[in-house]
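Can you keep this structure in mind? I'll have questions shortly.
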């Protein structure tokens, strides 16, 4: 899954694959432990309703984290996702309110295209102007949010403004999974396959690991990075539509402050902030873990005030683990190279 | 890359022509007057004059007072942030440190501490928070973006743990009065003296000391900086300590100005500060930027915000203006550089013998 490690000549397959799993392993263990302990203390936590809430709360963050992963792998970052989500969510609300009897699939399509346009703005600015993504997307964060404030003003759309079938996406379940969660799972699976299995996907890792080498190798860096931002915008758009389905009200401030949570989810899931490694599955697990904490603390009747502090500790732990893993890899590669020279 | 290759070919072709043919870099007065700082300061002055002329009630001591009171937190935190970004790092936890100090100040005051002691302890808490960042980033060597996203959540969380949903409001009135007091009829807040002192300290530190030179060197290349004898680890550590301390000051100011200690004070300020610093000409890659530029940029954003609000333009537009300013300010130089490169290449092609033409592009 993580190509960086497999790119650096693989002398010992079994250990390498062990290391590969290690990227998602810590977060999976933490997630299982958290769910297990909480369940032991309060069995209601894993009741059908409890599980459903858990998944629903994580859904939107999972999609955003998956999109963000594409961008971070290329050594970029997109801070504007919260603003994109807000704009699309409000757009969704106003579509239902103003266009009589608009089909739901059309709303989804419009939302995704809208997100793609906003993502393309980011992508164009980043690739054409050659300016760091952090600066550009910080700028577009303000601009998109401003546009949303302007457009929405004091208007808010509530659950009554949308058709019941649309709200039903967040309530109805299929095989026990809420429908919007299934959408998130499909997104993660498709992206994971695309990243690991397609030329374009593997190029993203190459760009993030060493841009100069990627350029020498003939990878169209500009185009790939542009598409990463475009895809991230589409996913933020999708998340915006789902947000409108899940939550009761959308307005001018929807999505504010979400950007750092999304990056945090990806980091916790083992996506290295300086590009080149990480997986969509890991990021999804990271998002799930971060949102599960909220539910777990409530179920354990822990003071809710601790929640954010715990999230912070978790992020720091995640990057520490990542650091230790990368030091170990470096050392192992060094000794491996030395022993081969002796032969 | 092709740029250096073509000029290398040019040198080989005719050594006599090259240096005279190349445009000279600006020197002396022209460099100061046409530099990025001067442009920012000029822009600031033009903006102030325009607003004073066209927006009723803008040119008044009252405006000066409120405007400055509003920009003080950003101005304070932007100083250490400038130094940190010049070294190629970032600190996103500043607003959370301000929130944490605000919360602890409130709780200590409510618990019956002497006000001065409470303020001192709050500053120490900020310094400790900064040192925590510093240890993880400088000594352990973790990426600052990731670490400070983590501590952003952690410190904000601790603020919540400390004070919860409560708010402490009954601070001694003389402290509140001092924070909002003005210097005579000028409308300039008294605390501005202290703020200017902080600005001066960081300005001198960056521009007139070996330590400051070292920060630029670190921003260009950490390896190179280490080779010339700069203690990269220690420099970074102290920058984060300073950032924590200054953020604490901003937090205390915030608390006393609004007479309210809450866990969510100064939320989101980190992005405003980063935007102001980048607009002030500091490169996010490190190695470039200055205190005067950032100072002008913070005031520029503050002035525009305040003037638009006075002119009854909605809050919305200011947000868009800030974002657009930020993007335009970083995109313009790179467009300019692209145009210059184009001109340079065209000139070289004109001067080069045709036979050398395909060489550089083929390589």
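Glycine is no exception: its Cβ is also placed from the backbone N, Cα and C atoms.
Just lifted these from TrEMBL, have a look:
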type: TRANSMEM; residues: A:25-42; note: transmembrane segment
type: TRANSMEM; residues: A:54-72; note: transmembrane segment
type: TRANSMEM; residues: A:79-96; note: transmembrane segment
type: TRANSMEM; residues: A:102-118; note: transmembrane segment
type: TRANSMEM; residues: A:125-144; note: transmembrane segment
type: TRANSMEM; residues: A:175-196; note: transmembrane segment
type: TRANSMEM; residues: A:225-245; note: transmembrane segment
type: TRANSMEM; residues: A:257-274; note: transmembrane segment
type: TRANSMEM; residues: A:281-299; note: transmembrane segment
type: TRANSMEM; residues: A:305-325; note: transmembrane segment
Test of understanding: applying the rule of at least three C-beta pairs under 8 Å (pairs 6 or more apart in sequence), is the transmembrane segment (A:175-196) touching the transmembrane segment (A:257-274)?
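No, these stretches are not in contact.
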Does the transmembrane segment (A:125-144) come close to the transmembrane segment (A:79-96), meaning at least 3 CB pairs under 8 Å for residues 6 or more apart?
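In contact, yes.
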Sort out the residues at least 6 away from either end of the transmembrane segment (A:305-325), same chain, that have Cβ-Cβ distances under 8 Å to it, and list them.
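Same-chain contacts beyond the ends: 19, 22-23, 26-27, 30, 264, 267-270, 272-273, 286, 289-290, 293-294, 297.
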Six or more residues beyond either end and a Cβ under 8 Å away: which residues meet both conditions relative to the transmembrane segment (A:102-118)?
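Sequence-distant neighbours of the transmembrane segment (A:102-118): 80, 84, 87-88, 91-92, 95-96, 140, 144, 163, 165-166, 169, 230, 233-238, 240-241.
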Hey, which bits of the same chain come close to the transmembrane segment (A:281-299), Cβ under 8 Å, at least six residues off its ends?
1, 23-24, 27-28, 30-31, 34-35, 37-38, 41-42, 44-45, 50, 53-54, 57-58, 61-62, 64-66, 68-69, 184, 188, 192, 261-262, 264-271, 306-307, 310-311, 314, 318
Sort out the residues at least 6 away from either end of the transmembrane segment (A:125-144), same chain, that have Cβ-Cβ distances under 8 Å to it, and list them.
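For the transmembrane segment (A:125-144), the far contacts come to 71, 76-80, 82-84, 86-87, 118, 221-223, 225-226, 229, 259.
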